[in-house]
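Trainee: I'd like to ask some things about the structure below.
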Amino acid sequence: MTTLLISDLHLDEERPDIARAFLRFLKERASQAEALYILGDFFEAWIGDDAMTSFQRDIAAALREVAERGTRVFLMHGNRDFLVGHSFCRQAGCTLLRDPSRVILNGAPVLLMHGDTLCTRDIAYMRFRRRLRNPVSVWLLRHLPLSKRRQLARKWRDASRMQVRRKATEIVDVTPEEVPRIMAAHGVLTLIHGHTHRPAVHELQVDGRQARRIVLGDWNRQGWVLQVDGSGYHLTPFPID
């Protein structure tokens, strides 16, 4: 049994190379897996299921094809695509996951997250996130005119890129104390997340026990996938082209 986990593809029409790599990944690897987990920022931006482009519909159709072959597909919101809704998931044949979600991999409980809520030292972002992800705010955003939603998406994307460049490295990375706290709260010794674009496997202690935090990589010059199978956890890059 093989489970694949990816995140931070930031799919966008301006990066057809990443889209081609993802479609190839679905055909060559995901279609052979028992499950595929996509842990947020699947799309560079998402302004609502009612505004899907032909590019996004093609991605949904490709996911559905994999799901119909027997691979269970799970999707978690990221900070760029938190407006993805159930309509897209129905078209894509995938299940929308809560953040965080506790699942069983290789017979052991594992916590899955996008990862932005672990960056608690970024106080300005956390405050902005709480306002934006409030159910009332989400409802209002989904009911704004499409032109206004497109304008806001461009504004937030540009602001996010600027802030990442300006902020200190430790602020936009996870807060070290937050990791064991949330792992202990959910009773797990393995945490898997994306968001930071810093792929690595970190060893730590949780309540005096050996634990690990696996950070998925973003897809840019290369792609990243975490494969979980009978031999363990394997985080590996692969070429985009």
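Start at 1 and count along the chain as shown; that gives each residue its number.
Cβ atoms are placed via backbone N, Cα and C, with glycine included.
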Trainee: Please identify which of D41, D158, D241 is recorded by Swiss-Prot as part of the Mn(2+) 2 site containing N79, H114, H195.
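Mentor: So the Mn(2+) 2 site in Swiss-Prot includes N79, H114, H195 plus, from the candidates D41, D158, D241, D41.
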Trainee: May I ask you to find which of H193, H197, H202 Swiss-Prot records for the Mn(2+) 1 site already listed with D8, H10, D41?
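Mentor: When Swiss-Prot describes the Mn(2+) 1 site, the candidate it includes is H197.
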Trainee: Where does D122 (substrate binding site) sit in the DSSP three-state scheme?
Mentor: coil
Trainee: Give me the Cα-Cα distance between H10 (Mn(2+) 1 binding site) and R80 (substrate binding site), rounded to a whole Å.
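Mentor: Distance between the two Cα atoms comes out at 8 Å.
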Trainee: Mind giving me a neighbour count for D8 (Mn(2+) 1 binding site)? Other Cβ atoms within 10 Å of its Cβ, every protein chain shown.
Mentor: 26
Trainee: Round to the nearest Å and give the CA-to-CA distance linking H197 (Mn(2+) 1 binding site) with H114 (Mn(2+) 2 binding site).
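Mentor: Spelling it out, the Cα of H197 (Mn(2+) 1 binding site) and the Cα of H114 (Mn(2+) 2 binding site) are 11 Å apart.
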Trainee: Select one residue from D41, D122: among these binding-site residues, choose the one with the most other Cβ atoms within 10 Å of its Cβ.
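Mentor: Its Cβ has the most other Cβ atoms within 10 Å: D41.
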